[in-house]
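These features come from TrEMBL:
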DOMAIN    14-155  domain 'MARVEL'
TRANSMEM  20-39  transmembrane segment
TRANSMEM  46-68  transmembrane segment
TRANSMEM  88-107  transmembrane segment
TRANSMEM  128-151  transmembrane segment
């Protein structure tokens with residue numbers, strides 16, 4: 001008997017779990033954020049937002065695929081019994097760094113709100129910054145949900161990531 005049905009069952013179990021859905025949302029919102037910023041002109045403090053978005057997008061992709069493939073035991077020092085704590089630490093760090101990123105995006109959006117008039121003919125970054133602000137807020141919310149979920153699971157003494 002081949003292990004393919006068991007692997008497929010584990011894939012579906014993780015993808016249907018709360019953490020699997022939240023990780024997918026984090027990946028989608030994070031990609032939306034950094035693509036929105038990188039596809040347009042940016043300067044100054046937007047570099048920090050782009051750094052946070054790309055860093056945590058890549059880390060979330062890695063956590064997602066390691067958990068999806070059930071290979072977290074292969075990660076030295078962070079895998080095995082520490083995997084839930086690793087996910088929790090990642091989500092806390094992402095939430096803490098996304099909060100100032102949201103603040104930067106709100107500030108930049110507000111600074112460019114003058115060009116939101118129909119009669120304004122010059123290039124305007126208001127709509128781009130507004131879109132990036134929405135994506136940053138959604139990312140922060142998704143990571144905050146993940147922190148809350150992981151902390152509740154850790155307090156209950158659970159060790160595995162998949163419910």
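Cβ coordinates are placed from backbone N, Cα and C, and glycine is handled just like the others.
Curation does not apply to TrEMBL; its annotations are automatic.
Bear in mind that the values here come from a model prediction, so they are computed numbers and not experimental data.
Only residues 6 or more beyond the boundaries of the transmembrane segment (128-151), in the same chain, are considered here, and those with a CB under 8 A from a CB of the stretch are 18-19, 22-23, 25-26, 29-30, 32-33, 36-37, 40, 49, 53, 56, 84, 87-88, 91-92, 94-95, 98-99, 101-102, 105-106, 108-109, 112. Within the same chain, residues 14, 46, 49-50, 53-54, 56-57, 60-61, 63-64, 67-68, 94, 128, 131-132, 135-136, 138-139, 142-143, 145-146, 149, 162 sit at least 6 positions outside the transmembrane segment (20-39) and bring their C-beta atoms closer than 8 Å to a C-beta of that stretch. Here the domain 'MARVEL' (14-155) is broken down by DSSP into helix, strand and coil counts: 115 helix, 0 strand, 27 coil.
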